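Since the structure comes first, as structure tokens, the remarks are kept for the end.
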């Protein structure tokens with residue numbers, strides 16, 4: 001028989017998961033809306049807005065709201081390691097946003113689902129960590145599915161595809177690198193404190209990049225804002241949601257098991273695909289759907305094989 005306390009806990013976790021889905025999918029769809037539909041073709045500047053919001057809101061939530069204990073940087077070498085992670089993090093987010101300018105969200109998510117393949121690859125190259133052959137075998141449908149989906153994608157764009165693959169690889173590289181660079185107990189940071197330190201570094205990197213590579217961003221944004229009066233508000237909401245997605249990811253990880261998180265993560269990609277197709281009405285083919293389904297099945301099998309061979 002469930003107690004009021006357990007019912008409250010279940011309601012809390014369910015609410016967390018709903019908000020987590022909403023923020024993650026919301027950021028993805030708003031990015032696509034801004035970069036493709038509004039003519040706001042400035043992925044570097046948009047990423048800088050996200051990182052600025054993450055820096056400010058991380059500081060407020062850790063220092064003032066005390067959502068998690070504040071962890072200080074203890075050495076120069078730790079700061080340099082965090083800076084390295086921040087650069088890779090920047091590359092993954094910018095690459096992902098650039099790809100959204102050229103690719104439908106559905107195909108972007110199909111390519112993004114190959115993260116386990118790149119994680120396993122970098123883990124082997126950097127740490128020489130080997131998995132069971134069965135685990136590696138599960139990665140074959142992950143890659144095969146994306147190849148099939150690419151062939152069946154009506155709106156395939158080579159540059160967008162390269163950016164998406166690069167962003168996915170960078171995301172996997174960051175997770176492996178983080179395990180290596182911040183491996184000692186004294187230097188480990190929880191994800192919220194890591195975001196607190198990485199975000200300002202990312203802003204300092206992205207600001208000159210935006211000035212050089214997107215020099216007319218302010219003028220064009222001001223012009224677009226006169227045509228679309230909610231543009232400024234959308235960018236603001238989008239940036240706040242980017243932080244919310246990170247915070248909720250941390251909270252869901254904290255309050256659920258690794259297996260639950262993995263299952264929810266796989267389902268989240270599928271939900272994002274369905275919503276994006278309904279919202280943007282991009283054409284899909286049977287081949288594309290079959291390829292994405294094969295990739296997701298491979299990811300699920302890979303996660304299960306890893307769990308069994310631990």
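In case you wondered, yes, glycine gets a Cβ from its N, Cα and C as well.
Unlike curated records, TrEMBL annotations are generated automatically.
Residues or ranges marked as transmembrane segment in TrEMBL: 12-30 (among others).
TrEMBL lists 13-302 with the feature domain 'Sugar phosphate transporter'.
The transmembrane segment feature in TrEMBL is assigned to 42-67 (among others).
Among the features that TrEMBL reports, transmembrane segment is placed at 79-100 (among others).
Under the heading transmembrane segment, TrEMBL lists 106-126 (among others). Long-range contacts of the transmembrane segment (106-126) within the same chain: residues 28, 96, 99-100, 135-136, 139, 142-143, 145-146, 149-150, 153, 155-156, 161, 164-165, 167-169, 171-173, 175-177, 180, 266, 269, 272-273, 276-277, 282, 284, 288, 291-292, 295-296, 299, 302-303, each at least 6 residues beyond the stretch ends and with a Cβ under 8 Å from a Cβ of the stretch.
Annotation source TrEMBL lists transmembrane segment at 133-150 (among others).
Under the heading transmembrane segment, TrEMBL lists 156-173 (among others).
The transmembrane segment annotation in TrEMBL covers 194-213 (among others). Note on the transmembrane segment (194-213): residues 42, 44-45, 47-48, 51-52, 54-55, 58-59, 62, 73, 79, 82-83, 85-87, 89-90, 93-94, 178, 182, 246 of its chain, located 6 or more positions outside it, place their CB under 8 angstroms from a CB of the stretch.
Per TrEMBL, the feature transmembrane segment maps to 233-252 (among others).
Tertiary proximity for the transmembrane segment (259-280) is limited to same-chain residues at least six positions away from its ends with a CB under 8 Å from its CB atoms, namely 17, 20-21, 24-25, 28-29, 32, 37, 104-106, 109-110, 112-113, 252-253, 292, 296, 299-300, 303, 307. Annotation comment: TrEMBL describes 259-280 (among others) as transmembrane segment.
The transmembrane segment annotation in TrEMBL covers 286-305 (among others). Through the fold, the transmembrane segment (286-305) approaches residues 106-107, 109-110, 113-114, 116, 120, 131-132, 134-135, 137-154, 259, 262-263, 266, 269-270, 273 of its own chain, all at least 6 residues removed from its boundaries and within a Cβ separation under 8 Å.
Counting Cβ pairs closer than 8 Å and at least 6 residues apart in sequence, the transmembrane segment (79-100) and the transmembrane segment (233-252) reach fewer than three and form no contact. In terms of C-beta pairs under 8 Å, the stretch of 12-30, 42-67, 133-150, 156-173 lying closest in packing to the transmembrane segment (233-252) is 12-30.
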